[in-house]
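Q: Pasting a structure below so you can have a look.
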Amino acid sequence: MASSHALRLHPLLFSAAALPAPATAAASARGRRYSLAVVRCSSAAQALKIKSIPTKPVEGQKTGTSGLRKKVKVFQQENYLANWIQALFNSLPPEDYVGGTLVLGGDGRYFNKDAAQIITKIAAGNGVGKILVGRNGVLSTPAVSAVIRKRQANGGFIMSASHNPGGPDNDWGIKFNYSSGQPAPETITDQIYGNTLSISEIKTADIPDVDLSSLGVVSYGDFTVEVIDPVLDYIELMENVFDFQLIKGLLSRPDFRFVFDAMHAVTGAYADPIFVEKLGADPVESILNGIPLEDFGHGHPDPNLTYAKELVFTMFGSGAPDFGAASDGDGDRNMILGRRFFVTPSDSVAIIAANAQAAIPYFQSGPKGLARSMPTSGALDRVADKLNVPFFEVPTGWKFFGNLMDAGKLSICGEESFGTGSDHIREKDGIWAVLAWLSILAHRNKDKKVGERLVSVEDVAREHWATYGRNFFSRYDYEECESESANKMMEHLRDVDGSAVSKQGLRFVFTDGSRIIFRLSGTGSAGATIRVYIEQFESDASKHDLDAQIALKPLIDLALSISKLKDFTGRDKPTVIT
Ligand code: VG1
Ligand code: CO
């Protein structure tokens, strides 16, 4: 098989132009029931004093796949963050922020508290009317998107490096979302970068640090900061999208066991109020690592088979629960597991799309359209075909889905990198994906009596493959390789057919539809991460049982040999296999 692939490969370049258009947080989440009693309200009547601080450009402030991500120590350099924030205001039309409202939140990682004060003061210094900030600066990425939309804000800041580790020696990041709740498009991020290269002045308000620890409103002249509950708006939205009674019926069954791993990251603040308090999951067994910590408990908050170790151990061990899930640093990714069964994210989005109309009230008229990022497997394409709805392929990164959603053409979409979501907001949404899966299982099992065999996660996936065929998929990540050798490897691959450079990566598509894709990550903060994506379709149900690593072995071997990956990088094993 490998040699026939080798003879018929057609390297294609992917071009964007071709496309259609902390402990305290958990405690405060619990405390929200009493929150109305502690609302502060104060104002300092005098006019706001604005200071102008001279500054110099700093190199390297170009945003990647999702915002600006660097080591904390880099962000702690004088004016490093302030420069970027001021460059952002210099890039936006004044009518988009002067007198307007911006949302501010983050995943609770180290440096967020300092950053929240810096951002608030520069926003005030540039004429922003109001900052809506999550208590203690906490808001998950999907919650920021939800709050922007619900409160009709002009945009918002997300303080997070997402799945990258946190703490004084690790990563920090910042991202700006626009009024639809969607990550700023490249036109804006390119302008911000341009402005970081010529910046000479930072405008900041001369106000004291704002107390973000309790709910309330405080004003300085015309500028207001409102500290909001990080969970309430988001829960309300989830209750509108899903049938909570249906899910509660499943989670309170004595014969269904559920576990969610918050990885000591932001969803720790959301998991208990949603899964336990609202939906009746077991308060003792169901939440793992539920206390958000500034360094994620020294963990790597990336919900995959390598880094979500505790969950994987639980779900693949004896006496495993029926359903397991995890989310990342900022709560936008998800991993779905059944008992001793991994649902690959490319399959997960396809399965959610195929079952959405039946199981999720928000989609009762059926999805309007479906979309995936380029390296994500074609499983979703087959569902779009069958449902007879429009289908779109976009480059890697959630910012490319928003316009299609705003145009009413897209309801459900996903990325192979554990990102799944819909047009209820403009970000991928980890808890949404978990609730979507629980809805599917609840729907399938709603008439099952206790003691009857329940339809499992694995059953749902196998049925899906039997209907649509199986797109075997795997991704190999080689993290923190030496940048120069990674670039040389990509150049070597381009030389395979002499094609031009494309920042979206390089893909080899075979006549049977199999694909090998090579990409360099745009979210790392040190060295280069090489991603190799491998996909092969199998319609024959008798072969669906195969382990993906076995089914894909010939293609994987071919990918490693044509890229000469080992020669270039010296790596003989990937850091992460999905
Ligand atoms: C990765 C993923 C991409 C995702 C991005 C942001 O980017 O591959 O699909 O959109 O992270 O996700 P890259 O360039 O490293 O491959 V998150 O949860 O880190 O904001
Ligand atoms: Co994330």
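In case you wondered, yes, glycine gets a Cβ from its N, Cα and C as well.
Pulled these from TrEMBL:
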type	residues	note
SIGNAL	1-25	signal peptide
DOMAIN	61-200	domain 'Alpha-D-phosphohexomutase alpha/beta/alpha'
DOMAIN	233-337	domain 'Alpha-D-phosphohexomutase alpha/beta/alpha'
DOMAIN	346-450	domain 'Alpha-D-phosphohexomutase alpha/beta/alpha'
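Mind mapping these onto the model and telling me what they sit next to?
A: In the domain 'Alpha-D-phosphohexomutase alpha/beta/alpha' (233-337), the DSSP tally of helix, strand and coil residues is 39 helix, 16 strand, 50 coil.
Within the model, the domain 'Alpha-D-phosphohexomutase alpha/beta/alpha' (346-450) shows a mean pLDDT value of 96, rounded to a whole number.
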Q: Tell me the residue counts in helix, strand and coil for the domain 'Alpha-D-phosphohexomutase alpha/beta/alpha' (61-200), as DSSP assigns them.
A: 54 helix, 37 strand, 49 coil
